[in-house]
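K.L.:
Dropping the structure in here first, questions after.
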Amino acid sequence: MNASCASCTRSGRPGAWEGAYPRSRPAPRSRSTASGVRGGPRPRPAPPHVTRSDMVSPPPGAAAAAAAAVAAAARAWLRVGPAPRPLMGSQGGLGPPGNGGPGEGESGETRKLQEGRAARGKRRKGKGKGKAGAGQGGRGSGAEGKTQPPQAKEAAGLGAEAGERAGLGKLGEGGGSVEEGARRIVRGDEGSAGARKEAKGRYDGKKEEWRVRTGQREDARPARAQGRGCQAWGRLAGTGAAMAAAAAEEEAGAREPAGRPAAGPALLRLPEELLLLICSYLDMQALGRLAQVCRWLRRFTNCDLLWRRIARASLNSGFTRLGTDLMASVPVKERVKVSQNWRLGRCREGILLKWKCSQMPWMQLEGDSLYISQANFILAYQFRPDGASLNRRPLGVFAGHDEDVCHFVLANSHIISAGGDGKIGIHKIHSTFTVKYSAHEQEVNCVDCKGGIIVSGSRDRTAKVWPLASGRLGQCLHTIQTEDRVWSIAISPLHSSFVTGTACCGHFSPLRIWDLNSGQLMTHLGGDFPPGAGVLDVMYESPSTLLSCGYDTYVRYWDLRASVRKCVMEWEEPHDSTLYCLQTDGNHLLATGSSYYGVVRLWDRRQRACLHAFPLTSTPLSSPVYCLRFTTRHLYAALSYNLHGLDFQTP
């Protein structure tokens, strides 16, 4: 010993013990004696000049015994469950919480750090019940200073008692032999396991009472329960099934829509069918206010049945006069919102296409595509998702006429076109198949196709009937002498007759109905047309009703069931302009295109006055509206130099 001290003094470097523990603070004392008996006399700390090599080594068999004890304790610990992470200031370097103090051979620096942490924990959490002692069997019941359920407090108390009975040391005590430390580990784990079982039994007995009294629900996530220092270890040990059930209940609640309010007026507790009947009498403003009461009523008022009656009375909502829904894929409430823009005339104008020379274009809509004639071509464009613009590159180009295309229709995946060269062209939309044949001696002004039958009208004062069958193309079925130039033509929805609109240059009505099978005249409409009141556009709305417009500046509505001599309703153009085209939604909305300044007018058929007018050109570029089409959200008008669009969805 003296030689070692002298060598250290001569070399001027501190001894090994001095490096581990500074002289200003002695090492913590051990509770066990050198012989391993508790309560014996405590040895004094070794002098600072004694090196580690001079200390007495443990007997050779102690290491094997300690390893076996540690393995057994680990196996018992794994059967119980993973131990929680020790709180700040806790000790125990050989096992989970509940074992003895720091293990044999632990460095002095580690002990110093643990003592500092324990002291800081005491100062910061002095009033808490969950001190960070190594003898606690559960997760600290009050170390975090938070409110806990009684089950957590009981589990923590039982764990602490079990730890004390197993001989666990207090804060700042440690040391002892390896065998004694191993025995402490085993006893502490057994005590902790017993305490956890007892806490689990008590918790299961009071679980329902705790749920009812506090209204709290078990945490469905074990990881969250482990992370909370204020929850008992016994909660995690035996409530896996309850937590899984709670998680499944939360998932089902998230998937299901919100139920009816538990408390509220008696109206909300009525059967749903009766509530639907009551709410069906509400107007649009009342339904909107009702949707602001709660989430359940908001979802309830989105039902299409409540808005169907309102939609049928609105403009351009996708319902025909007979109640047929033409746009079942779009919610009725959304269509009613857009219909208010049509009623109030709120829209955003834009130009979709332009061309350099003056033309007389015609167009048709099909799905998300627009077909428009330009000179002797028919171009197909695709709408962009907003519906207010077109892709600049056309999807297809259909040619075959030597003169301008005057009119065309879409039928059975075919385009049937009428040209100024007196020919009829048939084009397949999805292929390059094109057939044209000579139909009239002069330009073909109009054409229509339904049920595999084509009818055409020409300037040569004839109307002809043609089959669409591939083996009979170009074979004329009937030739009808109209004795006047034919400007418009339309086939009845029943495919039994068709109507022609002529220039009204003779002493007969410009509107006449012909039998489609025999070509014989069935009847003529009206008798008070002035000379020159030619009909430029005519369309069937139902098998017994049709609309017409033309040079006489009137839109007339005919009902064949009431009278063929007089129309049942008429609307006059305010500026005495020729009406080139018309379009209807099949219910209340009517749109017309005038001959001056590209004026598009909207009419409510329940009123005689014009609803709104949209001039699309200025004075230098005055042009008729040759053709117009609309959907529930947009209106498209073809003029001499461009194609205009009116967006009613986002005005």
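Cβ coordinates come from backbone N, Cα and C, glycine included.
Quick paste from TrEMBL:
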COMPBIAS  1-10  compositional bias 'Polar residues'
COMPBIAS  20-36  compositional bias 'Low complexity'
COMPBIAS  62-76  compositional bias 'Low complexity'
COMPBIAS  90-105  compositional bias 'Gly residues'
COMPBIAS  108-118  compositional bias 'Basic and acidic residues'
COMPBIAS  119-130  compositional bias 'Basic residues'
COMPBIAS  131-143  compositional bias 'Gly residues'
COMPBIAS  169-178  compositional bias 'Gly residues'
COMPBIAS  180-222  compositional bias 'Basic and acidic residues'
DOMAIN    264-310  domain 'F-box'
REGION    1-229  region 'Disordered'
REPEAT    437-472  repeat 'WD'
K.L.:
Near the repeat 'WD' (437-472), which same-chain residues lie under 8 Å Cβ to Cβ, leaving out any that are not at least 6 residues past its ends?
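P.N.:
Same-chain contacts beyond the ends: 403, 406-409, 411-412, 414, 416-424, 426, 478-491, 493, 495, 498, 500, 514, 516, 519.
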K.L.:
Where does the mean pLDDT land for the domain 'F-box' (264-310)?
P.N.:
89
K.L.:
DSSP helix, strand and coil counts for the repeat 'WD' (437-472)?
P.N.:
3 helix, 21 strand, 12 coil
K.L.:
Summarise the domain 'F-box' (264-310) by DSSP state, stating how many residues are helix, strand and coil.
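P.N.:
Helix/strand/coil tally for the domain 'F-box' (264-310): 32 helix, 0 strand, 15 coil.
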